[in-house]
Structure formats: structure tokens, C-alpha cells
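For reference, the structure discussed in these notes is given below.
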């Protein structure tokens, strides 16, 4: 819904009607019309439209996926699963979307391939089976038509983001993929035989909820099996969160929905897309990096990261951006802020933030600089982005950046050099990205969010031929693949893996697939140590508020042993337990649902594969008991024993301590009691543990987070 500030009585303009995953409509109204509408009997609510933002090869290998084995065996890959990607469109001619050797389009597909600017129905094929465009909300939000000189009024991608995410989820196998010779190898989506249906909802300035809702509603009607949304906005109650509302309806119809957690880390309680029926994905690194070496005139060296392809620099004069121009913006190397007299022939150290990382390099180059060093602040930690800079440039972590600032301002003639080391494998991984949004959830603190983490740092994937890899207009380089970072990149990994699991287990619900992903996720890196955090300054280890249940493990998720299933009624009871009103619940349920007055509902009883416990800070000896039900999907006859890692300050007991199954599909319940011990706690502190059901090869793990309010 969009309001006019004017009180002129203009005729309301209907933009969309929503009929599949929810009931409703998007309309452009004056305030007076809205007032009349609120008086109509049966009208539930009007949610103002807002802008969401995009959360911006080697991954299959890192995730344990191999051709001809297990999940990538021919029999499994032959089935038809459709992934709906809501993003900035697609570049249909890309080799990643060719359909050679593919079977006919699945019979349950009801979608279309819309014509538009430089896009025709012939751009779709047996791989890219559908493409639609949504822009009415965007045009109304900005009050002007889409500029077709900078964007395509069609499913064609003018940003690159949608092409990148679609190929990550389901791009075909492409050998010898690389970016300027870096990251060379075979590129492939997580489920490379899946069909792709593209819904272009994002434009140069973002994505409006009216358009996103319309696309989600249509995608479910079209017949998608998985929805992938690498976009979102600030956390808000589920009844006023358009993505939460539409995804509830999609989940109800058996569609798995994966969303990015957001790029507002490392600050706490920034995680978005936190509805419990959504699989919320954080971002972490793989063990592949693109190292550089920065050497100062005093002999100190530091490791950074860059995709610049060229020779190393000589030892050159070094200037800190703050000292390289009269304007305050000079420390960030913003356009027009640097003085050519002060930077000519020098390496400029620029603070990260405000403008784009490659934009800073462009400003340095325009001002006559010979190189650039990007400096992290303490919040950005040791997070290193590899960017395709247009001059010799590298990023550095917070500790090195601190030294560079001090050195450049304390030495009379500071110098530095940058050398480029190519592609390296074998780094400790995964490591949580500092940018990845964190829990605890502001909206639903009774559920740990995000749910899992997946590769989202320096990800190589398909790229439109007409968009420069650096996003700079001055950059005339053309590439087939580009490297990007963001939870936008981690989300389609999980979407593709969900498609794999869906083809392996056709009868599994979205909740069962999510459970399998969560309970088989791992929390140790490839060196056997706990997963660390690029942003941590005190403890180097990440927590479930950063990675949820851990890093996804597709092979183990295909055979998890037990799953925690959740019905639509369970979700609605959860909404009752967090005191949503009947009208608020009706926005999600699409029908009448009356909260039980007989049963005392508690949010912690949602049959979620993790445990989030909230205590008052002075609640010594306070206790809560949660109930869970697990379904056997492993060995018919099996016995599971519980193994506990108790959070600090909490005593945990499980009843019963053993679960004995006689057949596949059998459900058994257990109870977990959490007792707060050890006196008063500082408000906002948390401790973590885990509960694991063990039976032979199966280890069904649930993280526990206890927070004192």
C-alpha cells in the first residue's frame, strides 16, 4: 500500500492482487481513501510499501559435492525441481543457463516468459523456464517511470546480482571458469540440473515490497518448488513484514523459502527475514583466498586481499587519505575529495565505508595515485574482500590498518609496496563474515536466527557481459564470471541445496528440509577448531547468533536420521504464544484461527531444531521446560542417546534420555528443562550449548542459546 501526501481525491490505482500465497492487494491511495478503507467491515490492515535492498565455483567442492557421487549422482539429478529466484533479473545468454541435453520443461510448470526490453520469449529454454518482471510498486514508490537507458524494462539483468545468484543456486557446469585467471576451475550451481524461474523485482535503487509480494504470490501459482530471496529490510513484526506474510503462504503450499540474513553485521540483533518458517542464511568464507602482501618502509609486512591483475608496485610514497585532501571526505577517498598534488605517484590509504570499494580506487586513479590500500575499522575486523580493482589495490584487516594509520602519520617519508600472490587454497575455514547480520532476533527472540551459514565471501558466479566486474562506468573490462561477497551469495547456496534435498526426499516438508540442514550443520572448521569470526576482538569464536546451527553440510543433510517437522497449526500456535492478536494472525493465516484459551502456549514449544531460552537477569533457580517431537527418517530400528553441552549458568535435563524407534516415520517426543543457576546476570548476556541425539553415524545436533533479559 502506498499513500499520497496530497489530500486530492484521485482515483485509487490498483497495482496487484495477491491470491495464491496470501489474500490482498497493492494499491496507490490518498490518506482519505485509506481512512475510508479502514472503516470497511472485514478489512484487516494496510502496510505501507517500503524499499528492500539486495544483500549482496569452488563452493560445491568446499561443500563436499562431487560429480557422480551421492547427491550429484545421475539418478538424483534427473528429477525436475524448479527454483524461483527473486532478484534483479538474469542474463539469459550466459553459458550457465544453456539447456543442452535437458529433458522437457516439467509438466507442473504454469509460468510464462514475458517479453520486454531486449528480452523475448525465445530467451527462455528448458533451463531458464520462466521470467517475469515486477515494477509497478517501484515506479509508484519513486513517482517516476523506470529509466530504460540505464535499466531494462524486462527480466534482463542490468545489475548483475540476479545473474550471479541464479547461477549459484542452479547454474550449469562450466569448465575453466575464472576471473582474470583467478579462482580458475569448474563453476556450477548447487543443483545444476534444476530449472530456473526468474522474477525481476529489484531495480537500480532497490526492491519494493509490493513487487516482491506480487512475485512471490505468482511464483507459487506458477509451480516453483523453492524460493530464493537475497534481499530484505530492517527486522519488523511478522504481521507487518511482507516477505514473512508471503513466505508463510508459500510454505503452507509446500514451497521451501530461503532468505539472506542481511549485511548489517557485526552488530547484534540485526538479523532480518527472521520468521521461523523462513530458512535464514548467514555468510562465511571458504578456504580459498586471493592474498596480497603490503610491505612498509620500516620492513613490516601485512597480508591483504585483492583481485587486481598486474605487477606488484615499487616501494612508493604512502599517504593517508585524511592527509590527501582538504575535504573531510578525503579519508574515505570519495569522488572529488583527493588533491592530485598530494597523491600523485603515491599509494593512498583509504578508509572503508560510505562509497564503494572499487569507487575509492577510481578516485585515487583519477587523482593520479599509483595504488590504494583499503583500511578496515574495528567493527569490520579482519574481514578481507577481494575486489577487481582498476589500479594496484588491496584490502587490509583492522589490526594491520591500525598500524598503517600510525605509520603513515608518524614517519616523515612513509613508503609502501603492494604485491599480488594469485589464488590460494587451504586457509582455515569457514570463518564468519563480519558483515553477516547477527542475532538475537529482535522480532522473535524465542527462535535462534540465523538458521545456518553458507559460503558468502568471494564467491565466483555468472556475470552479464555488459556490466563491468567493478561496477564502474570507466571500467571497460568484460567478464563471464565475477566474484562477489554478501549474504546474497550465501542464500542461493542453501536454495540450491534445498532443491537437492527436495529431489532426494520428495515427501519432505519445508520444515523437514530446514531441520535436516540445521541438525547436520557443523561448528568446527577444516582444521578441527571452532568456527571463528572475522569481527571478533575479544573471543575469536563465533556463536549461534552468528552462524545459527552451523555451516551447511549437504551430504549429511540428505540422511539426517531424525527431523523436527512443523505444521501450519504449529506456526499459528507460536504466533498465539507471542501474543499476536487474531487480526494480526489472520494477515498470515489467510483465514480464521482462534488461539486456544485452554492450553497455555509458550513460544519455546515451537518444534524448532534449536533452543532459545530467555530468563530474567535476576532469575536464579528459574526454570522453563520445552517439548520437542522428532520423526525417524533414518534406520527403521534405532536407539538414540542424548549428549549435552550445557550453557554456562544453566542446568539442563532431558527426559527421556533415550529414544527407541521401531520404524521409519515414527514420532517420539522428549522434554528439555533449563534451570538458571549461579545468581544474577548482566542483562543482554548469553551463553551457549548444544543437545545432540546420537545413534551410530547419526548425530542430530541442536544449538542452545540462553539469554538473560
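The backbone N, Cα and C atoms fix where each Cβ goes, and this holds for glycine too.
Feature annotation from TrEMBL assigns active site, charge relay system to 87 (among others).
Within 10 Å of the C-beta atom of residue 161 (active site, charge relay system) sit 25 other C-beta atoms, taking all shown protein chains into account. Among the features that TrEMBL reports, active site, charge relay system is placed at 161 (among others).
Residues annotated as active site, charge relay system in TrEMBL: 488 (among others).
Sequence annotations record features per position, and here TrEMBL assigns domain 'Peptidase S8/S53' to 80-549.
Residues or ranges marked as domain 'PA' in TrEMBL: 316-403.
Residues or ranges marked as domain 'Subtilisin-like protease fibronectin type-III' in TrEMBL: 605-706.
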**Request:** Please work out the number of neighbouring Cβ atoms within 10 Å of the Cβ of residue 488 (active site, charge relay system), leaving out its own Cβ.
**Result:** 30
**Message:** Quick check on the domain 'PA' (316-403): DSSP residue counts for helix, strand, coil, in that order please.
**Reply:** 28 helix, 21 strand, 39 coil
**Message:** When secondary structure is assigned with DSSP, how many helix, strand and coil residues does the domain 'Subtilisin-like protease fibronectin type-III' (605-706) contain?
**Reply:** 1 helix, 62 strand, 39 coil
